[in-house]
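**Q** Found this in Swiss-Prot, in case it helps:
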type	residues	note
BINDING	His74, Gly115, His116, Ser117, Gly147, Ala148, Asn175, Tyr286, Glu367	thiamine diphosphate binding site
BINDING	Asp146, Asn175	Mg(2+) binding site
Amino acid sequence: MYKYLMEINSIEDFKKLNSNEIKVLAEEIRHFLIESVSKTGGHLASNLGVVELTLALHQAFNSPEDKIIWDVGHQAYVHKILTGRRDQFSTLRQYKGLSGFPKRYESEHDQFDTGHSSTSISAAMGLATARDLNKDKYKVIAVIGDGAMTGGMAFEALNHIGQSQKDIIVILNDNEMSISPNVGGLSNYLNKIRTAPIYSKVKDDVEYLISNIPAIGKSVMKTAEKAKDSIKYFFVPGVLFEELGFTYIGPVDGHNYHSLYDVMNRTKNIKGPVLLHVMTTKGKGYTLAEKHPDKYHGVNSFHIETGEPISCNENLSYSEIAGKTLVECAAEDEKIVAITAAMPSGTGLNNFAKKHPERFFDVGIAEQHAATFAAGLAANGFKPFFAVYSTFFQRAYDQVIHDACIQDLPVTYLIDRAGLVGNDGETHHGSLDISFLSCIPNLTFMAPKDGIELSEMVRFAAKHNGPVAIRYPRGHSNMDSQENFSPLALGKGEITYHSGNDVLILALGTFNKMGLEICKDLEENNIFSTLMNPRFIKPMDEELIVEMVQKHKIIYTIEDNSKIGGFGTLVQVLLNDNQILKPVKVCALPDRFIEHGNVEDLYEELGLTKKQIVDQIKKEFSDL
């Protein structure tokens, strides 16, 4: 099945292939990726789109001496295959297996850990500056997608590099046509000339000679520069990058290996910063992914023939529940608007966009802008809901404080993927949001125990006159009858189970379900307990917590946030302020970054399973 792929165990093996063999290898890699990712899950469409780009990159440059940085990093699978990790792909994104992102601990070819968007150009500037300070000569290349270019950080870095004129190559992987390509023979001719080493040298020599002609030299050069700049605005599609100080090359067909290799090889000889614009097709080689690239961006295991997932949960996801409720609220209140930072599908806002297109805003990968944009809307009478993953919400922290909470504006943050998300690992877990949000004045902060409660919290936020954050996990929840649902009230929790006063368990959010199972297991051992659903992280139900703590012998809190600054810590501070000298056992995430893997495996490692907590309580109770 594979003529060349199985012979590649290092970058040196790959470099032995000729161009015709590499074209065959490209198709073998696509077949391998589809087969492999269909079993493990992962980022499929983006990797299928960069096969030829990655092959040309590794032929034209010499990794690891030359430094290649992958923005976001989810498109680095081909890079991993070429650098000796093909035989680990059966463990991709699995517990203790191969990461789905570049990791410095994995390979010397992974120069910089990535996971979030728009960071690669800044990192490249850092590496290039270190290179120049050390008087080294290697190349630094940042590979960034057109989507990531919507992030302001990318342009901050472009601005800095253009001013410094460092030798850095930025490869823009454009798979959405967000920069319109120029066409025609003149464009191709100009690009060919501008990348030719001899042209660069002759151009520099001619400019030097003309500028040194007595009396008229500098005037001639100024006239020539003005003419060149005027023509450039008509014919050069990358004039924006030229104005930032980059030599712009492109667009180049991202699936023509020969063209890519040729232009990359010649780009190495250009002095100063270069932006190479490459046009690719996301999902290339797998028809279903080409037709629906968003659907196949990140996938669970699936059937190759149909593209359908192997396992499917019939319940609604928390994202869908939040989005569905928001649509209903917006039908009742025309001041409600929804905002996403390039993730309408992931955050459950697709239906809102269809139902209320004039009140839906996708701002691109720009969380900082989204947060202040929301505050501006709120300042003028609207009720914005900004749906965002917990890990990406970190990027908007100052805007939440400075632009929304200080002014006490009615902005709601729907914080999706809170807690451990599993296979994407450290860069994607939402393990810090309670720590960094609970300290902000004016912010009301909630965590629902299930889908019904999430829906009610969205409705509560729609009527609340102040900033609100609601955190909820990746996962699904049924929407059974609300017969046992007690209405929400600001700053009030609820008791969801009571069999006695031996142990008090405060189980935050969706851990309340496991808390109920813990209580029932303890009963079988004649240990009787009370289970509380806090609902509000801030303001927490201080009166109920203090009352319950004083009645019980053992106190446990359970959450999926870091132990430092988490909900359990807030409970400890509350008891200390009330001079209650009872120890609180905080079951939370440790003070370290949690690796990738199945969530159940990670909880087992971290001591957060039902059995482990029951065993802890039983031991503590027996020691009383």
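Every residue, even glycine, has its Cβ placed from backbone N, Cα and C.
Tell me about the setting of these features in this model.
**A** There are 27 other CB atoms within 10 A of the CB of Glu367 (thiamine diphosphate binding site), with all protein chains counted.
In this structure, Asn175 (thiamine diphosphate binding site) belongs to neither helix nor strand by DSSP; it is coil.
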**Q** In angstrom units, rounded to an integer, how far apart are the Cα atoms of Glu367 (thiamine diphosphate binding site) and Asp146 (Mg(2+) binding site)?
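**A** Pair distance, Cα basis, whole Å: 16 Å.
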**Q** Please identify which of His74, His116 has the densest Cβ environment, defined as other Cβ atoms within 10 Å, among these binding-site residues.
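**A** Output for this query is His74.
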**Q** For Asp146 (Mg(2+) binding site), which of the three DSSP-derived states applies: helix, strand, or coil?
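**A** Looking at the DSSP assignment, Asp146 (Mg(2+) binding site) belongs to neither helix nor strand, so coil.
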**Q** If you measure every Cα to Cα pair among His74, Gly115, His116, Ser117, Gly147, Ala148, Asn175, Tyr286, Glu367, the residues listed for thiamine diphosphate, what is the largest value in Å?
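**A** 32 Å is the greatest Cα spacing among the residues binding thiamine diphosphate.
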**Q** Whole-number answer please: how many Å between the C-alpha atoms of His116 (thiamine diphosphate binding site) and Asp146 (Mg(2+) binding site)?
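**A** Asp146 (Mg(2+) binding site) has its Cα 14 Å from the Cα of His116 (thiamine diphosphate binding site).
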**Q** How long is the line from the C-alpha of His74 (thiamine diphosphate binding site) to the C-alpha of Asp146 (Mg(2+) binding site), rounded to the nearest angstrom?
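**A** Approximately 14 Å lies between the Cα of His74 (thiamine diphosphate binding site) and that of Asp146 (Mg(2+) binding site).
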